[in-house]
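**Q** The structure's right below; bear with me while I get my questions together.
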Amino acid sequence: TQYSFKEVFGTLVVQKELFDVVAKPLVEDLIRGKNGLLFTYGVTGSGKTHTMTGSPGDGGLLPRCLDMIFNSIGPFQAKRFVFKLDEKNGVDVQCEVDALLERQKRDVMPVPKTPSGKRQIDPEFADMINVQDHCKVEEVDEDNVYSVFVSYIEIYNNYIYDLLEEAPFDPIKPKWNNCNTPVRNGDFIPPQSKILREDQNHNMYVTGCTEVEVKSTEEAFEVFWRGQKKRRIANTQLNRESSRSHSVFIIKLAQAPLDADGDNVLQEKEQITLSQLSLVDLAGSERTNRTKAEGNRLREAGNINQSLMTLRTCIEVLRENQMYGTNKMVPYRDSKLTHLFKNYFDGEGKVRMIVCVNPKAEDYEESVQVMRFAEMTQEVEVARPVDKPLCGLTPGRRFRNQAFREELSRKLEIRGGPINGETEEQSVSEMLLQSFPPLPSCELLDVNDDQTLPKLIEVLEKRHKLRQMLSEEFAKNVLAFKTMLQEFDSSVVSKENYIQGKLSEKEKIIAGQKMELERLEKKTKTLEYKIEILEKTATIYEEDKRNLQQELESKSQKLQRQASDKRRLEARLQGMVAETTMKWEKECERRVAAKQLEMQNKLWVKDEKLKQLKAIVTEPKNEKPERPSRERDREKPVQRSVSPSPVPNAPPVRLRHRRSRSAGERWVDHKPPSNLPTETVMQPHVPHAITVAAASEKALAKCDKYMLTHQELASDGEIETKLIKGDVFKTRGGGQAVQFTEIETLKQESPTGRKRRSSPSNPNPPEDAADSEWTDVETRCSVAVEMRAGSTLGPGYQHHAQPK
């Protein structure tokens, strides 16, 4: 991922290069009466405090800013207490008498302050402020006087504390808390938090904050160092000296113009300019699972991250309002940090941010978030304040009046003769001085000489009168010249005011046009954003339309294929139905004819078969059944066509999951009373069966299997027993239904249906041999057992009595 910034500094960058690019423009704006805000932002341990403060031998941004300020305004500083800050974020100007009284009160304090020239610099920070660059601002207004005030606060757990406040401590008086119990640690009095207020110009300030007037870099940095020792730091897993609060060092510069004489400060509060430069060292964002913070450290980290998140939210809302023309409320009041500097984001000054990044791999996630936020802040446009109009006095009056006074005092001290013998051009006053009467000889040659002294006295009196005349004339000329200068100044001022009025009108027109342009630009951005959204929406809808058309075409093709398949299936089924109908019609006709012929052939033996059947049923089991007549056996059986088994008209079998045989199935064994018992070796046997003569709903409700024993006369005159089996199901109406699944057939055949000869070469065997063969066959094998595939029950056998 790539991030773009206005300037990127490497790891080997020196403090001076960083100061020249970032902080120097802010100091220049401060001296020109504009506000500035500079803060360092980054992860814990990324070097924010080092960037702001510096190290021994290499001062950071803060001492370099102080050094540049005092290098620029050094010869133009006002005396102490000429400017006096009030408690409402304003400044007043005092006359020299009041300022002198204030200085005298300060001098009689119990602990007198050491003069700045003789102040002993604390060796702890002496190397930090020993800046050899002597950087200064060019074109400083020399007709103004300046004073510098500094204050130092910290924002800890979303509370504001004054780091320069001297908390008095009385060891004799006990300290009590809110619960009316003595404080255990009496050596420490917790500082009182400060309140944010808004002044008459809608600027935010800290009430009751200590503001110290300083006159040199050493004095200002000493104040900073005194507050730095009170700042809250702690040892964490990521940084041995981790800042647990946001520190704000505020530099206020008050400036006011001199009067027309260039001697004293102009006593007009409207002409005072108060500018401010805030240097903010933010606490680092951190993850508590990495810092292993607990207790107070955990609460501090939570408040730090919350305030930084509020700062990020304010920047995002500002960016959204400017890009899309919205009017969302910026949540400045959610945090003391953003609430204090809300005027900067609203256009009251220039804002610079230094992003400190630690290249450690462990800080990768936090560094990515920091750089993403910092890159986004570049898109926020902060309006610049309008320059303050001029006071209307003559520029350069300080040095001109000072030169005029020096020249006047020098001329008045001259007593005759040229001021400089080597000068080529002489002024009128010099020529007048040379026109004085020469002094006579002053030597007294005799005690009784009464002429030398009177002559000398007379000449001196003439010279004195001439000097007085010249002085009066000079005073008149000076007064006339001052009057002319004042008239000229007034005319210049009137012209400047006229020009200024015209300029203000033009500036108002330009400002209105700029506002209209900004409004149109915002409207254009909003419309472009809406057009982009509509284009994206149209693209999405077109894509959906294409997808739906493709889906519709695929569905239509599928429906066409299904319709064609349906038509083919219908034609195929119609053909199969017609073919099957014709086939079964022919089969039925053939079967009816065969049945008629068969029944005609069997009618004459019906009585005999009934008699034989009765004899079989009534005779004992050990008796040998009577063999049918040989004539019927020798008859050639009538060839029959294959016909379907007589299955009752049942619905088609549904494929259902059959329960396991081991689950304990129960059967309904339906044996009609008209059935005849067959005395065969293999008999149907169903365990756990309910035997009924007629099917009943009560019996079906108790079982899940059904078996019907059906007997009919086969075509060869034998009794054929069929076991019709099915599954019992419950119907929706609460009844029972039987679905037939399979049929098992038990059939008996006479062994006389086919003869087996022992010797096929004998064409005409005697009758005794035939009887012996049949006897032999019955003796050797009386029955054969065959089990059909798929049969699982005892009744599922078919019995054959055929020759082997």
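One is the number of the first residue shown, and numbering goes on along the chain from there.
Each residue, glycine too, has its Cβ placed from N, Cα and C.
Here's the feature list from TrEMBL:
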BINDING   G42, V43, T44, G45, S46, G47, K48, T49  ATP binding site
COILED    503-579  coiled coil
COMPBIAS  620-638  compositional bias 'Basic and acidic residues'
COMPBIAS  662-672  compositional bias 'Basic and acidic residues'
DOMAIN    1-380  domain 'Kinesin motor'
REGION    616-681  region 'Disordered'
REGION    746-776  region 'Disordered'
**Q** Which residues does G42 (ATP binding site) neighbour through Cβ under 8 Å, counting only same-chain ones at least six apart?
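**A** Residues satisfying the criterion: K48, L282, G284, S285, V355, C356, V357, N358, S367, V370.
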**Q** Count the other Cβ atoms sitting within 10 Å of the Cβ of K48 (ATP binding site), across every protein chain shown.
**A** 23
**Q** Neighbour count first, Cβ atoms within 10 Å, every protein chain included; then name which of G45, G47 tops the list of binding-site residues.
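**A** Going through G45, G47 one by one, the largest Cβ count within 10 Å is at G45.
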**Q** For the domain 'Kinesin motor' (1-380), what's the mean pLDDT in this predicted model?
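**A** Computed over the domain 'Kinesin motor' (1-380), the mean pLDDT is 81 on the 0 to 100 scale.
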